[in-house]
Structure formats: C-alpha cells, structure tokens
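Some notes on the structure that comes next.
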Amino acid sequence: MALLLPLAVLLAACRPGHGFSGGCDTCGLRPVAYHYGGMRVVGGTEALHGSWPWIVSIQNPRFAGTGHMCGGSLITPQWVLSAAHCFGRPNYILQSRVVIGANDLTQLGQEVEVRSIRRAILHEYFNNKTMINDIALLELDRPVHCSYYIQLACVPDPSLRVSELTDCYVSGWGHMGMRSAAPTQTAEVLQEAKVHLLDLNLCNSSHWYDGVLHSHNLCAGYPQGGIDTCQGDSGGPLMCRDSSADYFWLVGVTSWGRGCGRAFRPGIYTSTQHFYNWILLQVRAAAHPTSRTWSHYMSTSSYHHGPNAVPTQPSVSDSCPFPAQKLREFFTGVQNLLQSLWGSKA
C-alpha cells in the first residue's frame, strides 16, 4: 500500500478538482518551473521562461514598443480570459493579436504561438466607470498547441476556498515604476511578484478604497505597497498555489488600482470564481459544431474518475509532466501484481 500512495498522488496532480481545464489533459501545471526561485510588475523580478505558461500578451500596433496592450490567461486551447476594460474600442479587438508562450516580447522563439482574435465577449453588465463586471473572453482564430511553455490555467468553481490560499503571485509585462503621475518603463521580459490576498472588507474600509469595491472583487498586494500590478498588466492573472498539491489556480483577473505600488491601495482583481458559471455559459454558447462540447473540458469537485480529456497533440506536447494514461496503466499493473501476490500467499 505504501507503493500505491505516491502513484495516487501523482495521478491527482495531473488533474485538479474544484474547477475546469480546457483540454490538453491538464491545467495549472508548470512543467518548466517546478522550483520557483526568487520572487517587474512593480517591485517584482523577471520571470524565468515557462514560469507562467498560461499567460498571454494581447498586442495592438497602436501601442509603442512591443505593442503590448493587456495580459490574459489561456483557459482552453482556443479561449483566453482577460479584462473587459482592455477592449473598450472595437478597433482594438480587430487589430490585436494574442501571443502565447512568450517571455521576452522582443525575442519570440519557436515555442511561441501567435493567434488572431475571432471574437471578444465582454460581460454584458460591464461598467467602465465603476469597473463592475470587468471580465472578458477572447476566442482565438484557431486552437493553440500545449507544450512545456504553453499550458492552461485552472479556473476555480464555487467549491474552492480561495480565501484559504496563501501562496499567490501576479505576473505581466506592464509598467514597472510606481506611478504618481505618468507611468514609466514597460517591461519587455515577463515580470512576477508574490502577493498576499487581503481581506475585502479591509480593502473597502475608509482609509483604503472607501466602499467602492464589489463582492466580485479580490484585493491583493501589501498594505505598505511596493509590490503591485500596474498599467499593461490589466487582464493578466492573479494565481494561487493549491493548498495540497503543486498546481495553480487562476483566482483573479487584473482589473484596476489607484496608482501602482502605493500604500493602502493594493491591486483590485475580478474574481474568476464569481464568474465561473458566466464563463461556462459563454463558451458553451459559442461552441462550434465541429468542436468538442464544453463538458469535455469540465472538471468539478464531484469528479472522481480521472482525466477524460484527450491531448490535442502527440506526446511531445503533452501538458502533464506525468502522463495520466501511462500512470493509470502502471497503477493498474502494480495493483494487479499485488493482488496476485496476496492471492498466492492465501
């Protein structure tokens, strides 16, 4: 039995519960970055390539330099989750492209995939003044291929206790300086920083955000400031490690803040858990007749039978560092062997 337990743990690590993944067999895993090193986002450090393999750069030629406009997270091979306020102008959508698997936006390697946007779905009740319902879905013109540098993010369903997650990070290519007036340099290399989830009531108190936050918001950063998301990080991920396994949940979408890195003004995020059903509804409604049904990509807390998703590519791009099918076969073989040995002793 001691031999079976580690195998069961590996199987569980290849398909987390409490949420959904969009194919490629798994979500929330970082094949290249098993050991997270030192923790620019404001006050952060450069991320190693592959550290956050679901983050994407949404680019528009109207923006200087690399054209980076906003971030986003790949949640299925053909859908990206981002912030609605990034797409206030229709021509931004038509002219934009999505870069997946990149780290340095000035040097896109062979592992990077680039897609056009087929459609953008902004929340129907998004308000760009109050920033309520600041969430959007982007359908890519064709699916991407999972690899060591391209993975899917896990969106938590309502059963996950997000407030109990303590190991959380933000990442993006946004401005890196603390902003009082004009923003400073935009990052070319992906930046990352560790943050704390802060109590929403505290963030909404009179000396902080003074009641302007909504129940679907998350608040993350540090009371003293210094580390924060900034302009250009919008739409990107707020990610927390699962409390019992080495995979990450996409718990928030970067929405807004007052300044960058200021005391008592932490970053404000849209809770993905709050909009879980909205996300499912939109992607189901947009499903193409030739595509897999959305239920193919679902995994909830009631899921008990192991992964049923089929990788979109051969094993060279299998997204799970421990291929689930092989593990199940090995696990079954060991179990049969032990049963045979026990039977011979009887």
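Each residue, glycine too, has its Cβ placed from N, Cα and C.
Look at Swiss-Prot and you will find 1-19 tagged as signal peptide. Here Swiss-Prot flags 41-284 as domain 'Peptidase S1', drawing on sequence analysis. For Cys70-Cys86, Cys168-Cys240, Cys203-Cys219, Cys230-Cys260, the entry in Swiss-Prot reads disulfide bond. Here Swiss-Prot flags His85, Asp134, Ser234 as active site, charge relay system, drawing on similarity to another entry. As annotated by Swiss-Prot, N-linked glycosylation site applies to Asn128, Asn204.
Feature map: Swiss-Prot annotations on the structure.
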residue : record                           : Cβ neighbours (10 Å)
Cys70   : disulfide bond                   : 28
His85   : active site, charge relay system : 20
Asn128  : N-linked glycosylation site      : 11
Asp134  : active site, charge relay system : 29
Cys168  : disulfide bond                   : 22
Cys203  : disulfide bond                   : 23
Asn204  : N-linked glycosylation site      : 17
Cys219  : disulfide bond                   : 23
Ser234  : active site, charge relay system : 25
Cys240  : disulfide bond                   : 24
Query: Does DSSP give Asp134 (active site, charge relay system) helix, strand or coil?
result: coil
Query: When you measure from the Cβ of Cys86 (disulfide bond), how many other Cβ atoms are you left with inside 10 Å?
result: 26
- prompt: Can you check what DSSP calls Cys240 (disulfide bond), collapsed to helix, strand or coil?
  reply: strand
Field: From Cys70, Asp134, Cys219: recorded positions whose CA lies within 10 A of Asn204 (N-linked glycosylation site)
entry: Cys219
- request: Return one of helix, strand or coil for Cys70 (disulfide bond), based on DSSP.
  value: strand
- prompt: the domain 'Peptidase S1' (41-284): mean pLDDT?
  reply: 87
Message: I'd like to know which of the recorded positions Asn128, Cys168, Cys203, Ser234, Cys240 sit within 10 A of His85 (active site, charge relay system) at the Cα level.
response: Asn128, Ser234
Message: Please report the Cα separation of Cys86 (disulfide bond) and Ser234 (active site, charge relay system) in Å, rounded to an integer.
response: 7
Task: Could you measure between Cys70 (disulfide bond) and Cys203 (disulfide bond) for me? Cα positions, answer in whole angstrom.
output: 24
Query: What three-state secondary structure does DSSP assign to His85 (active site, charge relay system)?
result: helix
Statement: Cys240 (disulfide bond) to Cys219 (disulfide bond), Cα to Cα, whole Å, comes out at 13
Query: CA-CA, which of the recorded positions Asp134, Cys168, Cys203, Cys219, Ser234 lies nearest Asn128 (N-linked glycosylation site)?
result: Asp134
Message: Quick check for the class: what is the C-alpha distance, in angstrom and rounded, between Cys203 (disulfide bond) and Asp134 (active site, charge relay system)?
response: 18
